[in-house]
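S.K.: Structure provided below as structure tokens; questions to follow.
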Amino acid sequence: MKVLILACLVALALARELEELNVPGEIVESLSSSEESITRINKKIEKFQSEEQQQTEDELQDKIHPFAQTQSLVYPFPGPIPNSLPQNIPPLTQTPVVVPPFLQPEVMGVSKVKEAMAPKHKEMPFPKYPVEPFTESQSLTLTDVENLHLPLPLLQSWMHQPHQPLPPTVMFPPQSVLSLSQSKVLPVPQKAVPYPQRDMPIQAFLLYQEPVLGPVRGPFPIIV
């Protein structure tokens, strides 16, 4: 009886060992199958990615080079282009060459004849007369007075008349100045005396002056 029990126990132990050995084999098979499926999936993913990348590259090339595709040249007329021009075209008009007048000898001769017949007017220079400068400090002497041919009584009155000082100026109050400025002032007629020119001698200037009976205060003093 004991031998049978031991035999049964041994058989059970062997069966368990066999079961344990079969489980890792299945796991290995399952793992190998899963690895194959993973590799297949990776290959599909890589293929899809490569296709997408190539498509994007093609789109970029189409955007960068829109006219990269070959286009057929279309001519407006089917016949060949002639290399020679048609003979119906009129010849080009040539402009006549105009010779300037100064190159022709006949025109030069006519111009010389005209110049000989009508000579150019030459401007005559004005003669420059010597001008004696006249200064205000110049004074009359007795010989100059005698050469003027003035009457003797007028000359004696000029010679014997003493020099009189100028009258003192009168100061007016401010009210009188205002009254004079407000009143209408009538113009006083004065005799026009010709202004002595520089080129005019003294004798000619004194001939224009009229004899004055009163005291004479001329611009030129008489030296005795």
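The backbone N, Cα and C atoms fix where each Cβ goes, and this holds for glycine too.
Look at Swiss-Prot and you will find 1-15 tagged as signal peptide. What Swiss-Prot records for Ser30, Ser32, Ser33, Ser34, Ser50 is phosphoserine, and it gives experimental evidence as the kind of evidence.
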S.K.: Cα-Cα, whole number of Å: Ser30 (phosphoserine) versus Ser50 (phosphoserine)?
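M.R.: A Cα-Cα distance of 30 Å.
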S.K.: Provide, as an integer number of angstrom, the distance between the C-alpha atoms of Ser32 (phosphoserine) and Ser50 (phosphoserine).
M.R.: 27
S.K.: Counting across all protein chains present, how many other Cβ atoms fall within 10 Å of the Cβ of Ser33 (phosphoserine)?
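M.R.: So the Cβ neighbour count for Ser33 (phosphoserine) comes to 10.
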S.K.: Between the Cα atoms of Ser33 (phosphoserine) and Ser50 (phosphoserine), find the distance and write it as a whole number of Å.
M.R.: 26
S.K.: What's the number of neighbouring CB atoms sitting within 10 A of the CB on Ser34 (phosphoserine)?
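M.R.: Excluding its own Cβ, the number within 10 Å is 10.
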S.K.: Enter the number of other CB atoms within 10 angstroms of the CB of Ser32 (phosphoserine).
M.R.: 10
S.K.: I'd like the number of other C-beta atoms within 10 A of the C-beta of Ser50 (phosphoserine), please.
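M.R.: Counting Cβ neighbours of Ser50 (phosphoserine) within 10 Å gives 10.
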